């Protein structure tokens, strides 16, 4: 048993009425697509067809399910995806009974419930609706903006066949003037904007100096004439040219008009009013509003009287962290010694005009290596990035002399300049840690975090886990990155001590899915890295996927593991969707495990009393036979292994947190700079 005791918590969930007989027997629709799509495109296309068909319709297997009768649906039409146009036709096949006790069939009913919620929210009057969020009361107002209070909602079906509603109070800041009017008041450019005539949002790149009457578009019309032909200028001034981009493809600038755009505001944009807005809610007030909104939704949507859901929760045992001896946090290892250290050479690059290592940094490093029983050589780079090839030569010589990582002391730099410098150093195989000056010895948290990041980039293992866990190898998979390309990244840790094995990246690919073959290629690399260190393959592997697991994404990898005789567990880790937890009595703390239905559980990995209502991770055990509590125990302990944070722990387990950092850093720097970088060095922390 891995828990220290149990308690009871309230969830921000409410039980509503049971499904009626018709809702348990949705219409089934066969889908024919012409031309037939490729394997990777089938499910996204079916989801697109469901939206095009209208009504309360969702994907079910290789067809559709609907709570709307076929006669009100759009049974044929065309749609486009990835540059290809498809014709679709739907054939009604009668009603199909679905059993809410069957996880697969319940997932279809839950998808229908979610679509029903969307459709009914859209029909509400006097409220602002965005997807599954509804805002109904004004909280604050200022010149040209207002803040609405409401909630983000979710609706699904329980295994008993009843609707379950989730409510999370939220705020929405709305701008009530065009971008042109907002800028005329002297405000800076917002980061995002939306169309004044619909809800589509854009990244705002810059203002243009072009004349909108003269700026030609591909169809032959000018920018101004194009919008006039769509009827968008009636009652509106066109304004100036603004260049925007789709958030999914920010490298492709699109011309727009400032009079047809509305700023999407954040608290940062309203920083002068931030103190008076008071948008953070104490947990007692959040829970009160949650109950109030649930009652309102139940009445307005005809879903019955909500009943608050309670759940049993278990406090997991606290991880035991080891440096040279037991520590409570990674920063302690700078004083007692690292878990695993070897002879190391570090270099300093100063861009602030000063010379040499600051004495307190030099002293801290020498003390840490002395406590670790390892030797340390400190170098100084006498070159500047502005020297071009001479700087590259200095880096090459440092690498030949055994330097493993570089600390850069610099005045604050623009992000573009930081990324350019980091990429230049990586090209020579030298990960870098950038630390802004001025820097004072009493700023211990700041410079100790920087030193820990530097040491991780040099390949040292600062801390380890002490204890026994089900999996000997944990691998995190994430798809993310910059612009329209994404990188499926894997970062892994050995279960016995949490030591980093390697990072690995495939070629860039489009979309949020990682192709089956790429998943296996990534996993195979980590298995070989484990074998090189241990002399054998692991007996069990823990596979952690950031977000939902697309259907069949891991099918090839799981088949290969089974052939090799390696046991496995596949867990989907979702940063959102876990809702909130409230104590029935007393207080909550880190390591709270809340088992739910269908191999699903909540895990509160990090909680600070002064930071509002706890937000647990939502985890789904997609495949494998390890008991949920044992999985929760290992995953919770893995959150303590992020080496570059000396005083606080991340919310995600280390393999996923590292994979997330990896794909984001590669998105910023590009993949071409990594050929000389050792796979065991965490250049991205």
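Placement of Cβ uses the backbone N, Cα and C atoms for every residue, glycine included.
As annotated by Swiss-Prot, region 'Linker L1' applies to 100-176, with the evidence given as experimental evidence. Positions annotated as domain 'PAZ' by Swiss-Prot: 169-265. According to Swiss-Prot, the feature region 'Mid domain' maps to 338-463, an assignment based on experimental evidence. Here Swiss-Prot flags 478, 660 as Mn(2+) 2 binding site. According to Swiss-Prot, the feature Mn(2+) 1 binding site maps to 478, 546. The active site feature in Swiss-Prot is assigned to 478, 512, 546, 660; the stated evidence is a curator's inference. Annotation comment: Swiss-Prot describes 507-671 as domain 'Piwi'.
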Candidate with the highest Cβ count within 10 Å, taken from the binding-site residues 478, 546, 660: 478
Structural state census, the region 'Mid domain' (338-463) (DSSP three-state): 56 helix, 25 strand, 45 coil
Cα-Cα distance linking residue 546 (Mn(2+) 1 binding site) and residue 660 (Mn(2+) 2 binding site), given in Å to the nearest integer: 8
Secondary structure composition of the region 'Linker L1' (100-176) [DSSP: H/G/I, E/B, coil]: 21 helix, 40 strand, 16 coil
Averaged pLDDT, computed only over the residues in the region 'Mid domain' (338-463): 91
Residue pair residue 546 (Mn(2+) 1 binding site), residue 478 (Mn(2+) 2 binding site) - Cα distance, angstrom, rounded: 5
